[in-house]
Amino acid sequence: MDITGGTMQPGTFDGQFIFLCGINALVIVSALLFVDGTFMSLYNFQSMGAQVPELGLLGLGVMLAMISGRGGIDLSGIALANLAGVVAYMSAPLVFSAEAEPLQFFAAFCFVAITVGVIGGTLNGLLVGYAGITPIIATLATQLLFTGVAVGLTGGSALRLGYIPVFDKFGNMPIAGIPRTFALLLLIAIGLAALLRFTRFGIHLFLLGSNSKAARFAGIRTRSILFRAYFLSSVLASIAGIVIAARSSSVKWDYGSSYVLIAILIAVMAGVRPEGGYGRVSCVILSATALQLLTSMLNFMQISNFFRDFAWGVLLLVFLANARAQWSSYLPHFLRKKSTIT
C-alpha cells in the first residue's frame with residue numbers, strides 16, 4: 001500500500017507523481033513563454049493558491065467515491081457546497097451579528113454549513129450504501145434536490161455577504177505568504193491521507209473498491225464503508241462551500257456550474273481508477289494545482305470560458321481513455337513489465 005492506503009504496482013506512484021509535477025512545470029514554462037510577466041508575480045500565485053482549495057476539496061470527495069468501486073461517483077458536490085453556503089448565510093445572522101460579532105458569526109456560519117454537509121452526506125450514504133442505488137443515479141438525484149432547495153431559498157438570486165473582515169482574511173489574505181484556504185486544504189489532505197492509510201476504514205475502502213465480492217466474504221461491512229465514503233465526500237463539499245463564500249463574499253445556487261466536470265477531471269487526472277481500488281491524495285492536490293495554473297494562464301490569454309469547458313471535456317476523455325488502455329499490450333513481449341499488486 002502507498003502512503004494514502006491505495007494499492008499500487010511498483011513504480012506506479014513515482015510515475016504518476018512525476019507526471020503531475022511535470023504537468024505543473026510545463027504549464028509554468030508555457031506561461032513564461034506566452035503570457036506577460038505578471039503571471040509569475042507573487043500576488044498572482046497567492047490568488048491562484050486561494051482558488052485551488054474549492055476544486056481540491058471537491059476533487060478529494062470524488063476520489064473517495066471512485067475508490068469505493070461499483071461505478072462510484074459523487075455528482076452532488078458543488079450543489080451541496082452551494083446549498084451549505086446559502087443555508088449558513090440565512091441562519092448565522094439569526095444568532096450573531098456580522099458587524100458586532102464577526103468571529104462568532106464566522107464560527108456559526110461554518111457550523112451551519114458543515115451541518116448541512118452532514119445531512120447531505122447522510123442522505124447520499126443511505127441511498128448508495130444501504131438502499132443500494134447506483135451512485136451516479138443517487139447523487140444526480142441529490143444534486144437536483146440540493147439545487148432545487150437552494151433556488152427555493154434564494155429565489156434564484158445571489159446573496160451578498162458584504163465585507164466581513166474575518167471572512168476576507170480567511171478567504172483572501174495570506175499568512176506567511178500562503179493563502180489560509182490553501183493551508184486548510186493541505187491540513188485536510190494530510191488528515192485524509194492518514195485516515196486512508198492507517199485506519200480500518202481506509203484499508204477496507206480500498207479492498208472494497210478492488211474486489212467487492214472478496215470484501216464481503218472477508219466480513220467487511222460494505223454498506224457501512226460505502227456510507228462513510230459518501231458521507232465524507234459531502235462533508236468535504238460543505239467545507240468547499242465555506243471556502244467559496246469566504247473567497248467571493250457571496251453565495252449563489254449556481255456557483256461553479258462546471259465544477260462537477262472539473263472535480264471528476266481532477267480525480268481521473270490524478271490517477272484515481274474509475275473501477276475503484278486506487279487513489280492518492282497527494283496526486284489529487286497536484287492535479288487540482290495543475291488545472292488551476294492552466295485556468296489562470298488561459299485567463300491571462302483571454303481565452304473564452306466556452307473553450308475552457310471544451311478543453312476540460314477533451315482532457316477528461318483523454319485521461320479516461322488512458323486509464324482504460326492497456327498500453328503494455330502494444331509493446332514487444334520482452335519489454336513488458338511483470339509486476340504484482342502489493
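Every residue gets a Cβ built from N, Cα and C, even glycine.
Predicted automatically and left uncurated, TrEMBL annotations should be read as such.
Annotation source TrEMBL lists transmembrane segment at 17-43 (among others).
Residues or ranges marked as transmembrane segment by TrEMBL: 55-73 (among others).
Listed as Cβ neighbours of the transmembrane segment (79-98) (distance under 8 Å, sequence separation of 6 or more from its ends, same chain) are residues 54, 58, 104-105, 108-110, 112-114, 116-117, 120, 142-144, 146-147, 149-150, 153-154, 159, 161-162, 164, 234, 237-238, 240-242, 244-245, 251-256. Sequence annotations record features per position, and here TrEMBL assigns transmembrane segment to 79-98 (among others).
The transmembrane segment annotation in TrEMBL covers 105-130 (among others).
Residues annotated as transmembrane segment in TrEMBL: 136-161 (among others).
According to TrEMBL, the feature transmembrane segment maps to 182-207 (among others).
Here TrEMBL flags 227-246 (among others) as transmembrane segment.
If you look up TrEMBL, you'll see 253-272 (among others) marked as transmembrane segment.
Per TrEMBL, transmembrane segment is recorded for 278-298 (among others). With a cut-off of 8 Å between Cβ atoms, the residues of this chain six or more beyond the transmembrane segment (278-298) that come close are 2-4, 6-8, 13, 16-17, 20-21, 23-24, 27-28, 30-31, 34-35, 39, 44, 47-48, 51-52, 55-56, 59-60, 63-64, 66-67, 185-186, 189, 192-193, 196, 206, 209-210, 262, 265-267, 269-272, 307-308, 311-312.
Look at TrEMBL and you will find 310-327 (among others) tagged as transmembrane segment.
Listed by sequence, the residues of this chain that lie at least six past the ends of the transmembrane segment (17-43) yet keep a Cβ under 8 A from its Cβ atoms are 177, 269-270, 280, 282-283, 286-287, 289-290, 293-294, 296-297, 300-301. The listed stretches are 55-73, 136-161, 182-207; of these, 55-73 has the most Cβ pairs under 8 Å to the transmembrane segment (227-246).
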